[in-house]
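Enquirer: After the structure tokens below, expect a handful of questions from me.
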Amino acid sequence: MSGKGKVVKGAGGFILKYADEFLRIPKQFTKGAKSADEVAQRIAKSGADTSKLAKASKLRNKFLGKTPGKLSDTGQRVFKRMADEGKILDKYGRPINPADYPNGITKSDLNKLHVRDSTGKPRPLSKCDMGHNPKDAVDYWTETGHRRTPQQNTDWMNDPKNYEFEYGPDNWAKGRANPNRYGNASPTGGADVP
């Protein structure tokens, strides 16, 4: 790595790795850019001091992109699969009939339909996340994703087989308990800032 850092492209955009830190690259350098090399050249031409860039937050979004919403195409396919498996419940805690939702779910359904939390209590979908299952996103990243292309990571993030609706506090607790961190594995490739 050069003394000015290495630009890498993730599914959620460009980021600069500098001295074992991930730094946010201002939009003036990334707007319309197609490659890490192009961004690295723009930074070099500007003479910007890369050590002064702000630390990047939400590395997950930069590396893998955003999690799809419950009402997105991916979320609808998660709903259908879970309904077919008997995991989507009515307000009384009984499995719903998937045929009653031929067009998927709507925003108003999020308070009417439920899934069970880790204690077995029914919780409304409005209080649920798109939880990564069977493998947490950070585990995917540190084991495999950091070696894949941004498009492959986007495809993984949009695959409904990688999700279940999960009660928010249960999902957050799993994340806190997971020892893996996104910074533990750097994306491969990239371009040194000359």
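Each Cβ is built from the backbone N, Cα and C atoms, and glycine gets one as well.
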Enquirer: Looking at 139-166, 167-194, which one is region 'Disordered' according to TrEMBL?
Expert: 167-194
Enquirer: Sort out the residues at least 6 away from either end of the region 'Disordered' (117-136), same chain, that have Cβ-Cβ distances under 8 Å to it, and list them.
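Expert: 67-70, 74-75, 78, 88-89, 91, 93, 105, 109-111, 162-172, 174-175, 178, 180.
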Enquirer: Tally the residues of the region 'Disordered' (91-112) by DSSP class, grouping H, G and I as helix, E and B as strand, and everything else as coil.
Expert: 8 helix, 1 strand, 13 coil
Enquirer: Using a Cβ cut-off under 8 Å, which residues of the same chain at least 6 positions beyond either end of the region 'Disordered' (91-112) come close to it?
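Expert: Distant contacts of the region 'Disordered' (91-112): 70-71, 75-76, 79-80, 83-84, 122, 124-126.
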Enquirer: Just give the helix, strand and coil counts over the region 'Disordered' (117-136), going by DSSP.
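Expert: Counting residues per DSSP class in the region 'Disordered' (117-136), I get 3 helix, 8 strand, 9 coil.
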Enquirer: Can you break down the region 'Disordered' (167-194) into helix, strand and coil residue counts using DSSP?
Expert: 13 helix, 3 strand, 12 coil
